Amino acid sequence: MTTTATRRIPVGRIIAWIVVGFFLLATLFPFYWMLRTSFSTNGALPSHSNSLLPADTTVDAYRRVLGLSSVSESLAKGGSTASVNFWLYLRNSFVVAISTTVVQTIFSALAAYAFARMRWPGRNVVFTIFLFALMVPPIFTTLPNFVLIRDLGLLNTFLGIVLPNLLMSPFAVFFLRQFFLNISNEVEEAARLDGAGHLRIFFRIIVPMSAAPITTLAILTYVASWNDYFWPLLVGQDENVRVLTVALGIFKAQTPNGGPDWAGLMAATVIAALPVIVLFSLLGKRVINSIQFSGVK
Amino acid sequence: MTTTSTARRRRPMLRERRRETWYAIAFVLPAAIGFVAFYLVPAVRGVWLSFTNYDLFSPGEFVGGENYAKIVDDHVFWNALLVTLEYVVVNIGLQTAVALLLAALMQRLARSLVIRGILLVPYMVSGVVVALLWQWLLDYQIGIVNNALDFIGLPRQSFFGDPALAIFTVAFINVWKSMGYTALLLFAGLQAIPKDVYEAAAIDGASEVKAFWRVSLPLLRPVLALVLIISLIGSFQIFDTIAVTTKGGPVNATRVIYYYIYDLAFNRYDFGYASAIALVLFVILIGITLIQLRLTRANKSDLA
């Protein structure tokens, strides 16, 4: 406490901190409740619906969701007869999110480099056309894209799920171009005098110098891809390619309406949310800074 | 399009220039293929589909403006538009108010990265997770929120089942999800306001609250307008929460435009009609964007 604070009671500041505390609690409590429920049993939930601790603490819900317990066992615990195997969906989500992130980031960076650092006829016209894509609402292109993926026979394949986002995203190109524009010419010119080609300049100079924004973009792409629901719902219903978000929706639809498998559902949401939360807590600073950057620019 | 590539002073030879063009084409090509195949052609095809009765199974015929004529008499469409507007107004109104409060608090007393990080967590997890989580919290029988209502003597609410409540419930959930994100954008805007403006206000005897209304808010207007439009356009595209919780019901109480388009296309295979409504939504969003451009341009001078 500073001297000014002790002299008169800072009522305004106290109220302000109470408000901040309220919002932090309102943000964190639902996640705590999700965790708490996932370690409960469905049988004990109704009678302990206000208990802050798990009702009848157990990891059964996780065992059930990850397909580690038998059907009869899971029925007895209030699960559904549907075979759920979130290991498979977890793998599928990783396949989709990682491939989209890696490929999209590379090709978007290459394009951004060409738009920012190279001189070629028609460059500005092409870039302006790219920018227009940012304005098109996704649903408008989703309908024809679905027809296209179906006509290509790619429904229920990983390729069908990733293809529309694989080669580029207008946002990624735009985002990286902004950073590439600000790199000084001198380094690039020196390398060119040493006889380095464009590929070499790109991979040896531009990419290392832009490691921070590229990583940030990759995180954002990964999170968006991991969380995407609409497109995988349309083209990836089959179990072999079903991603976690779609599986969650199906799991929810299968649990009985009268007595939903809340413990199982919450265990499944924990599994679906965890990779993103872990990634965010490791690299959150970058994400926060990049979002702030996008707000002011 | 300001700084162009390498040296202008040392005019490169024609051959080198041509080589650069080829490299540039090679660099842009993969992205351009993706762009043409999954953005440009589909956009054109979407317009074409809106003039057909395509149903996914037969090749579909050109029907002229029939789909658009149908929209005029489609009370489900008008209801969807109304419900979407209800959602957008509540979502944006509440979200902006809460985010402004949070941004001001971050600015004045809690710049901690941890606090900003915590508030951003709901925005990072998927809409499906958020929807399921809130369905559990708001459960009629044993949901903690209804238990709390019960405890303070209020009647239990069927948040998703009551037509009068359902769309507001969805709006509230999404305020919870994105308030931290919006607050972060506004906080960045507040950070950009020079300190001496506040000092001048303090010398004039303005209190903190007064300084916020008289100094921060007016100077924040361009950022606020931009943020408002970003969230406005985003909130027109609400889908995940509704698909997981209410599926457009009860009756049509949460059948927003986005969900209606999805329903028409993938449950009723009316691709032509769905495309026509998608185009109408597109036009609405372009209208909002144009208003945004005018607003932000008109206010640019404020911060200069």
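Glycine too: its Cβ is placed from the backbone N, Cα and C atoms.
Here the structure is a predicted model, which means the values were calculated and not measured.
The domain 'ABC transmembrane type-1' feature in TrEMBL is assigned to A:90-283.
Counting only same-chain residues 6+ beyond the ends of the transmembrane segment (A:14-35), those with a CB under 8 A from a CB of the stretch are 266, 269-270, 273. As annotated by TrEMBL, transmembrane segment applies to A:14-35 (among others).
For A:94-116 (among others), the entry in TrEMBL reads transmembrane segment. Listed by sequence, the residues of this chain that lie at least six past the ends of the transmembrane segment (A:94-116) yet keep a Cβ under 8 A from its Cβ atoms are 123, 126-127, 130, 158, 161-162, 165-169, 172-177, 180-181, 202, 206-207, 210, 214, 217-218, 221-222, 225-226, 232, 243, 275.
If you look up TrEMBL, you'll see A:125-146 (among others) marked as transmembrane segment.
Look at TrEMBL and you will find A:158-180 (among others) tagged as transmembrane segment.
Tertiary neighbourhood of the transmembrane segment (A:201-224): same-chain residues 97-98, 100-102, 104-105, 108-110, 113, 117, 169, 172, 175-176, 179-180, 183, 187-188, 191-192, 276, 279-280, 283, 286-287, 289-290, selected by CB-CB distance under 8 Å and a gap of 6+ residues from either end. If you look up TrEMBL, you'll see A:201-224 (among others) marked as transmembrane segment.
Positions annotated as transmembrane segment by TrEMBL: A:262-283 (among others). Long-range contacts of the transmembrane segment (A:262-283) within the same chain, counting only residues at least 6 positions beyond its ends with a Cβ under 8 Å from a Cβ of the stretch, are 31, 34-35, 37-42, 45, 60-62, 64-66, 77-80, 84, 86, 90, 93-94, 215, 219, 222-223, 226-227, 244-245, 247-248, 251-252, 255.
Residues 115, 164, 170-171, 173-174, 177, 230-231, 234-235 of the same chain, all 6+ positions outside the transmembrane segment (A:125-146), place their C-beta atoms under 8 angstroms from a C-beta of that stretch.
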